[in-house]
Each structure stands twice: as C-alpha cells, then as structure tokens.
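J.: Input: one structure, supplied below.
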Amino acid sequence: MPGSNCTQVTEFSLVGFTEDPVTQVAQFLLFLLTYLATILGNLGMVALIRVSPLLHSPMYYFLGNLAFVNLCTSTIITPRMLAGLLLGEKGITYAGCMVQVFTFDLFGMAECFLLATMAYDRYVAVCHPLLYPLVMSPERCSWLVTGSYLLGLTNGVGQTIGTSSLFFCSSRTIDLFFCDISLLISLSTSDTTLSLIILRTSLSLLGVSSILVVLVSYVAVISTVLSISSAEGKRKAFSTCASHLTTISIFYGALIFMYLIPRSDTSRGGDKWAAVLYAVVTPMLNPLIYSLRNQEVKEAWRR
C-alpha cells in the first residue's frame, strides 16, 4: 500500500528518442510521412475491399478488418508522438495514459487474433480446399472477426483495471513514447501483484494461444505444400500465404522482442525502435505488403 504521504501523480512524462532539435525535426518528418502513408494505405485497402467484387472473399474480409485495426493502432500512438517531437510537449495526463493503455491493448490483442484467424483461413484453403466454402462461410467469418474484437476488448478492460488500481507517487517518467503497461507497472509504488497476474495471464492465455494457432496452421500448410508433386503447384500454394507470412513475421517478431524477452531493468532504452516497428511501422507496411505481393489486390487496384 502507498504511504500516507503519497500523492498520486496526475501527469506522466514520455521520453522520446533525443533532445537534439535538428534530429527531432528529422524524426518528426519521418514519422509524419509514415503516418500519412499508414492512413492512406489502410483506408485505401478498406475501400478497395468494399468496392471490388474480386476481393469479396473471406481472406480479404479479414484483411479489411486488419487494415482497420492497423489504422486505429497507429492513430492511438503516432499523433501524440508527433506533437511531442514538434512542440516538445512530453506530458500526458493520467486519464490520457489510461486511455492509451485501454485502446492499445484492445487493438493489439485484436490484431493478434485477426492474424491467427487469417492463418487458419490459409490452412483451410490449402489443406482442405473442397471444404473451404463450408468452413469459411460468411457467418463463420463474422463470428471469427467478432471474437477477435471481443478478446481484444477483454484484454483492454483487464489491463486497464489492473493499471488503474496502481499508485504512482514519485516516478512519473516513462522511458518510451507511449504509455506501455509493463513500464507503468514498474513505476508503481504500490503492490503490483494483481497487475502482473493480469498481464502475464493475458500474454499466456491470449497472446501465446494466438501464436500457437499461427504456428500449427503453417506447419500443416507447409507439410501440404511439400507433398505437392509439381513445382508450379507448390509455387501457387505458397504464393497465397506469402503476404501473410511476411506480415506475421514482422508483427510477432517485434511483439516477442518487446514483451516476451526477459529484461534485467525497467528501461526500454534499446528496444524503443522495436516499439516503433510494432506500433508505427508495421501498420504502414501491411497494406504495402498485400498490394505488392498479392496478384488479386494488384488486379483490383488496376481495375
């Protein structure tokens, strides 16, 4: 329990990347261009999937929702970071920090399960093509997407409840450019047992389970592809998964580096750029990856 002289902080300070004004201007321009590309790319992908009959299939239905989640994730983080770089304003209110925790954990976990759903979709398409229309029916797809958002909501609510029960009496500096839950827990001056239980349970039950779905699905896909006798058949089968494999490699690689590799201290320092890759760059890359590597998307753009 916090001491009797504890005064709960009303504002946190977000540490950026550098104090050098010239470097800050360069970073501002770089992240601004990244954010604009994220908005245009993901909104364009959502609009293209809605208007193009060529893309009215389960895979692109999931991709449209992934684009929406990417847009939300980037919007939660990047505008606040841009304001800090341009104006030098590092402060964020306690309420604003809790909103970031809730929304970031909601859409982050929703993205994990959307990627897992897309992996399952590829598994059914490659390993059981004759059953694909039945297994991936419109109703089933809607339930899978709804479930992804509900699991994300569960994660966001749980993490916010755990974090809001903490007291922050002295330390108010977050060594990152957004309110990361693990750093908030490390800053707390009160008992963090509940928050750590919620965080670890979420990572174990939700995060790891989504990774396992991806791994099991692609082990089955690779096994099926290798059993195809013709080289052309293997190429076609693998091409349907290439974009998704690229996306999950970037996303889960940064996620694992941020949250699942043990740390000896409370500072993120060296892995700020992993957070940039996870929260800022990946939402921009996803529509580019699917636009450049997917023939159906390129054909829809041409039409």
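Even glycines carry a Cβ here, placed using N, Cα and C.
Feature list, courtesy of TrEMBL:
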- 41-290: domain 'G-protein coupled receptors family 1 profile' (DOMAIN)
- 28-48: transmembrane segment (TRANSMEM)
- 60-79: transmembrane segment (TRANSMEM)
- 91-116: transmembrane segment (TRANSMEM)
- 205-229: transmembrane segment (TRANSMEM)
- 241-261: transmembrane segment (TRANSMEM)
- 273-292: transmembrane segment (TRANSMEM)
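Give me the structural setting of these features: burial, nearby parts and distances.
T.: Counting residues 6+ beyond its ends, the transmembrane segment (28-48) has Cβ neighbours under 8 Å at 55, 63-64, 67-68, 70-71, 74, 78-79, 81-82, 85-86, 280-281, 283-284, 286-288, 290-291, 297, 300-301 in the same chain.
Within the same chain, residues 109, 112-113, 115-116, 119-120, 122-123, 126-127, 151, 154-155, 237-238, 241, 245, 248, 252, 255, 259-260 sit at least 6 positions outside the transmembrane segment (205-229) and bring their C-beta atoms closer than 8 Å to a C-beta of that stretch.
Listed as Cβ neighbours of the transmembrane segment (241-261) (distance under 8 Å, sequence separation of 6 or more from its ends, same chain) are residues 108, 111-112, 115, 118-119, 122, 126, 182, 203, 207, 211, 214, 218, 221, 271, 274-275, 277-278, 282, 285-286, 289-290, 293-294.
Long-range neighbours of the transmembrane segment (273-292) within the same chain, counting only residues 6 or more positions beyond its ends whose Cβ lies under 8 Å from a Cβ of the stretch, are 31, 34-35, 37-38, 41-42, 44-45, 63, 66-67, 70-71, 73-74, 77-78, 81, 104, 176-178, 180, 243, 246-247, 250-251, 254-255, 257-258, 298, 301.
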